[in-house]
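Noted in TrEMBL for the protein shown:
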type: REGION; residues: 50-349; note: region 'Disordered'
type: COMPBIAS; residues: 96-105; note: compositional bias 'Acidic residues'
type: COMPBIAS; residues: 121-169; note: compositional bias 'Low complexity'
type: COMPBIAS; residues: 242-252; note: compositional bias 'Basic and acidic residues'
type: COMPBIAS; residues: 280-312; note: compositional bias 'Basic and acidic residues'
type: COMPBIAS; residues: 322-332; note: compositional bias 'Basic and acidic residues'
type: COMPBIAS; residues: 333-343; note: compositional bias 'Basic residues'
type: DOMAIN; residues: 435-608; note: domain 'Tr-type G'
type: REGION; residues: 438-586; note: region 'G-domain'
type: BINDING; residues: 444-451, 490-494, 544-547; note: GTP binding site
Amino acid sequence: MKVRIFALAKELGLDSKELIDLASEAGVVVKNSALASISPEERDVIVAHVNKDTKAPGQDTSEPPAPVREKAPDPAAKIRQIRAMSARPQLRSQNSEEEVAEQGDDGNTTTAVETREAQTTDESFTDQDTSSDSGQDDSAQQVAESAETNVAETTTGTETAKSAETTESADTKTGDSSEAQSESTDPEIDSISRDDYVATGNQGTLREMRPRGNMGGGRKGGAAKNKPKTALPNIAAQPKFEIPKKKVEAKSEGVAQKPDVKLTPDLIAGQSPLASHLQKSIEQRGRKGFKPEEAGLAEKARKSAKEEQSLKRDRRRGSRRPSTETEGDRRYRPYHRRSRKRSQKEIIRKTEAVIEPPITVRTLSEAIGHPSKDIMRILWNEGNMVTINDGLSEEAALEISLELGVELEIKRQETAKDRLTLSVESDEDPANLEHRPPIVTILGHVDHGKTSLLDKIRSANVTSGEAGGITQHIASYQVDHNGQKVTFVDTPGHAAFGEMRARGANITDIIVLVVAADDGVMPQTKECISHAKSSGAPIIVAMNKCDLPDADEQKVLQDLAANEILPAEWGGEIEVIRTSATTGEGIENLLETILVTAELHEYKADPKRDAVGVCLEAFLDEGRGVMSWLIVQRGTMRVGDVILCGETYGRVRAMYNDRNEEIQEAPPSTPIKVAGLEEVPSAGEFFFVMPEIEEARQIANDRRHADRAEVLSSRRKSLSLDDLLSAARTGSVSDLPIIVKADAPGSIEAIRSELEKLDHPEVRVQIIHEAVGGVNESDVYLASASGAIIVAFHVIAEDRAEVLAEQEGVDIRRFRIIYELTDTIKRSLEGLLEPEAREVATGRALVLRAFSFSKVGKIAGCRILNGTIDRNNRVHVIRDQTVINNYSISSLRREKDDVKEVREGMECGIRLDGFNDVKEGDLLESYRIETVKRTLD
Ligand SMILES: Nc1nc2c(ncn2[C@@H]2O[C@H](COP(=O)(O)OP(=O)(O)OP(=O)(O)O)[C@@H](O)[C@H]2O)c(=O)[nH]1
């Protein structure tokens with residue numbers, strides 16, 4: 001059986017790249033990929049080479065090779081490390097024999113060694129701290145680190161034994177080192193030189209300290225590697241918005257103005273006119289229940305009331321100085337000016353304000369303390385007519401505030417996504433993490449064979465049941481391959497389902513990009529590559545339809561490379577597996593590659609926490625109510641759990657797996673169908689299990705209200721003057737109002753995006769209502785009132801709705817394939833376009849003579865130069881190559897007979913209706929008007 005490089009590297013405790021290098025040294029040609037596979041013979045050659053490499057020079061090569069699973073210790077390296085350890089004071093040499101003895105039986109003396117060495121190291125530090133300079137401190141630290149590394153490596157009994165041996169030999173070799181250590185306490189020895197720490201082994205060089213093989217247990221690297229990957233939803237970062245800074249213009253100080261507000265004596269005294277009321281109120285409240293924090297206020301109010309009374313008394317007495325004035329105050333002359341200044345301060349407007357969305361003219365006015373008419377005036381000057389309740393965008397609110405000199409801060413409420421992220425990140429106990437099946441999303445261009453491949457993998461037949469042979473829904477299945485589960489997500493390849501593809505890419509661990517070998521990289525393949533890259537998930541390419549005679553593998557590889565997907569066989573990192581969904585070729589290899597990739601990335605989740613996941617699709621089922629297709633990403637979902645999903649919530653009433661079998665619980669990575677949500681959730685919404693149904697209801701309602709307010713504020717878009725003017729100039733634009741009813745939110749999403757593409761300046765689609773579910777009476781009433789047609793995608797109309805539609809003359813169109821729907825709507829829109837009138841030239845006649853008759857006016861005697869002139873044609877009169885005007889023919893005669901038409905070369909008499917000035921030499925060009933139907937293209 002073939003062996004993967006990744007697996008062999010793991011077995012030998014090496015890095016895959018390192019192993020590939022060693023393989024090429026051993027003369028085995030291997031692809032530059034951890035997923036590359038080799039034959040058992042090649043494996044033996046590589047293993048022999050690796051073992052040879054790890055043996056110390058001089059060691060007997062005839063010895064049987066060490067068992068492959070064990071890390072082959074490098075004796076030279078051991079000696080070096082022990083040598084380094086021995087650089088510590090003599091305590092090391094005293095203990096070494098005891099250590100060897102201790103290491104004997106239990107085979108795991110690491111702790112003992114570690115403890116002793118740690119002690120030794122500490123002592124070494126202490127000694128050197130007291131007796132050596134700072135250079136020696138560094139050396140001691142090196143020794144300590146080296147000792148730690150060495151101890152970390154001696155983990156098994158075998159290794160410990162070896163370590164003991166090595167320690168012995170190290171002791172013999174470092175006999176002088178021990179002496180040196182014992183001498184290190186001797187004041188005659190100045191310092192320990194760096195050379196003392198350099199291994200004296202055969203190689204005589206320092207080992208490069210880089211991670212080798214599986215260093216998962218290491219201190220720093222290991223921790224980082226073992227850190228669980230948070231499979232957070234890939235949410236685009238919010239665009240940064242900086243509050244524009246208002247340019248502060250240097251204003252020249254104007255001439256001081258006399259305030260036109262009459263200042264009351266209270267204000268002049270710097271007191272609130274309500275001070276006495278305030279005092280009374282506080283006293284009253286104090287009687288009811290005194291609050292200590294109000295004591296200060298009451299005291300203040302009492303004081304100001306006293307001051308007020310004394311001021312009044314002073315004024316009555318005619319005193320210019322109040323009795324409360326102290327000696328110090330008296331020296332402070334401009335008493336009145338000071339009070340006025342203080343009172344002016346009190347009427348200064350806000351310079352900073354905070355507001356929460358949604359923002360309307362009214363809420364902004366209240367927040368920034370400016371009348372709403374000021375805000376409306378600013379908007380009016382920019383050509384926007386708004387009312388006080390109209391919504392404002394955040395940018396507009398910031399600009400207006402800036403213009404009014406207020407720095408506005410928009411305080412957003414914690415969004416659902418924030419809450420979700422928090423929930424996803426919390427409760428994840430690393431101790432509970434367990435391996436979970438990988439979630440694999442199949443992406444690719446339409447008809448490249450995604451569903452067929454999945455059918456083959458599942459041994460099912462979904463393709464034949466698909467309307468029009470195309471996938472129109474995202475779907476998820478779980479398969480078992482050699483006892484290992486894999487969850488697949490199938491996505492549609494049609495251009496209309498871009499959002500579904502993006503959704504599939506965002507929830508995935510691994511992406512399988514299907515490219516048909518006869519077609520190569522197509523537009524949706526490119527789009528899928530972008531989704532795959534932005535999701536950051538590993539990509540495996542399935543080059544499908546390899547059984548076809550016109551399959552061109554090299555072209556596919558070139559196309560992929562041109563789109564930055566460099567195949568492993570071309571030195572890149574992406575595995576390209578040749579498959580055929582028809583013959584089954586490569587399916588086994590594809591599954592194996594998926595499993596190895598999953599093993600490499602170690603996908604884990606905590607099954608003990610509350611479930612979190614994503615809604616792939618949702619439907620309204622006649623019998624079971626709302627059915628939601630969910631995929632559990634973390635935790636375990638159970639029947640009876642309360643879930644919140646976007647703007648809806650509910651208790652899980654029943655749960656089914658991908659084979660429609662009822663199940664009670666769903667561990668991580670399980671695709672499930674859930675009954676119990678109150679309303680159809682939007683596709684792509686995240687769900688999470690909540691402790692209380694009340695809480696879930698509250699959050700769902702909050703979200704619904706927030707969304708509604710947002711929609712209202714965006715819909716209440718102010719009408720600009722330009723809009724009004726252009727509407728007046730061009731006349732009204734013809735709208736085609738439609739109501740969309742569909743089976744799933746994803747279908748509505750796709751229909752909307754397709755209809756938005758039918759863009760024309762004169763006609764447009766106006767979706768007046770859209771919802772999941774069958775057509776009901778209320779839809780028909782709405783359609784009747786608004787003149788809309790109803791589009792029913794994958795749904796039918798209720799009986800009563802059908803009867804009503806007939807009575808009301810409402811058109812209900814049913815569709816099963818999205819491109820049929822868009823074609824029909826496109827034709828309807830084209831029907832709204834005014835047909836185009838075109839002139840088609842029919843013939844030309846030269847005026848040879850002009851005859852005047854008193855009763856009938858002028859008649860042109862002509863010869864037909866080319867074509868035919870018909871009695872019903874109109875005629876352009878051309879004189880000196882200038883078109884004078886066009887007229888209808890009032891009579892066409894040959895000789896004395898009225899004729900219907902005159903052909904080329906004939907002579908005739910033509911009288912024009914309304915033109916009596918025809919002259920010899922004029923050209924008469926006849927034409928007919930044809931109306932041409934216009935198209936949207
Ligand atoms: N010869 C050959 N035909 C294939 C192979 N795979 C798929 N087909 C055919 O290609 C057509 C499209 O296959 P689907 O599986 O529906 O393609 P898809 O990519 O799932 O299409 P959408 O989901 O609509 O994007 C079907 O007629 C299949 O029978 C293959 O490996 N070889």
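Glycine too: its Cβ is placed from the backbone N, Cα and C atoms.
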DSSP output for LYS450 (GTP binding site) maps to helix
Of the binding-site residues ASP447, THR491, CYS546, which ones put their CB under 6 Å from ligand 1?
ASP447
Let me check the 10 A CB neighbour count of GLY444 (GTP binding site). How many other CB atoms are there?
28
Secondary structure content of the region 'G-domain' (438-586), with strand meaning DSSP E or B:
53 helix, 39 strand, 57 coil
Would you mind checking how many other C-beta atoms are within 10 angstroms of the C-beta on THR491 (GTP binding site)?
27
Fewest neighbouring Cβ atoms within 10 Å among the binding-site residues ASP447, LYS450 goes to ASP447
